[in-house]
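Taken from TrEMBL as is:
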| type | residues | note |
| --- | --- | --- |
| DOMAIN | 23-286 | domain 'NADH:quinone oxidoreductase/Mrp antiporter transmembrane' |
| TRANSMEM | 60-80 | transmembrane segment |
| TRANSMEM | 92-115 | transmembrane segment |
| TRANSMEM | 151-170 | transmembrane segment |
| TRANSMEM | 177-195 | transmembrane segment |
| TRANSMEM | 201-220 | transmembrane segment |
| TRANSMEM | 232-254 | transmembrane segment |
| TRANSMEM | 274-293 | transmembrane segment |
| DOMAIN | 289-341 | domain 'NADH dehydrogenase subunit 2 C-terminal' |
| TRANSMEM | 325-346 | transmembrane segment |
Amino acid sequence: MNPYILATLLFGLALGTTITFASSHWLLAWMGLEMNTLAIIPLMAQNHHPRAVEATTKYFLTQATAAAMLLFAGTTNAWLTGQWSIEQMTHPLPTTMMILALALKIGLAPVHTWLPEVLQGLDLTTGLILSTWQKLAPFALLMQIYPENSTLLIMLGLTSTLVGGWGGLNQTQLRKILAYSSIAHLGWMILVLQFSPSLTLLTLLTYLIMTFSTFLVFKLNKATSINALATAWTKAPALTALTPLVLLSLGGLPPLTGFMPKWLILQELSKQDLAPVATLAALTALLSLYFYLRLSYAMTLTMSPNNLTGVTPWRLPSLQLTLPLALSLMATLSLLPLAPAAATILTL
């Protein structure tokens, strides 16, 4: 892609998110989301592969549907209450519609089915943008609504953690596994959104760091399936030794960074007298942990071609910058000691 066109598209992506961040009016927020969608579509379709074009079409249709729902909910709210302000969502009908529209935007269960299919058709770089940057603007809106409909959010959160764990069990493609991992993590964030928005923000930040490092690891190894991971040890042995720790951090095991948000969320849910919800969420985390362990096993404890028949790729030198990977890897593995500081900030 022409570097000038690429720079323009990335600028449009950043500007759309920034407009949504800064907006207090529903029309301005909708405009930012639309700019965001239109800027990423050429990036998704740049390979001109039939799968990439199909994924782009699916993404466009779902985002257009979500944007139409969002605009309709904002208009209904203005009709019922006379307010276009984001923070004045007082009527339950437009609030529920808005939550469902934003859930479709980010891929929460049960409106999640587009996300694995779209992510599977993209290359790892565009998939990284879709899994991280594209979640920020809808989450900014969700955190401003302050919904009173607690049951809806808890149901969405629990369904997402369950579907995210269950859906990834039978997958062999890494991008689909990461899509289901994304759905499960979003479920955890939505569970605690109404009780502690700052804790949701902390969970989102740790998710962004962990997903960033996971995508960069797979990109460095040029791996798109579990089978391709088995040959990684010959190419980057040190990275192969650290990758299981990154995956287990995504699964939420101590003493890694991913344990911190899950621990604080379970603590917050228990404080709100929602022990059954906390127990169910913790049990669904075990489902996700299984497929992270499966990836770790395939990468470190099997030697190709003994696992499955596969062609060993050429070990060409990678041109990818390793500094972002090194920094995100350190953050993914070693931020748990900051948990007391995070907990203190959350209580302020």
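From the backbone N, Cα and C atoms, a Cβ is placed for every residue, glycine too.
Just so you know, TrEMBL annotations are computer predictions that nobody has curated.
Counting same-chain residues at least six beyond the ends of the transmembrane segment (92-115), those with a Cβ under 8 angstroms from any Cβ of the stretch are 33, 58-59, 62-63, 65-67, 69-70, 72-74, 76-77, 80, 134-135, 138-139, 141-142, 145, 147-149, 152-153, 156, 159-160, 162-164, 179, 182-183, 186-187, 190. Counting only same-chain residues 6+ beyond the ends of the transmembrane segment (325-346), those with a CB under 8 A from a CB of the stretch are 196, 198-199, 202, 206, 209-210, 212-213, 216-217, 220, 242, 245-246, 249, 254-260, 263-264. Restricting the average to the domain 'NADH dehydrogenase subunit 2 C-terminal' (289-341) gives a pLDDT of 77.
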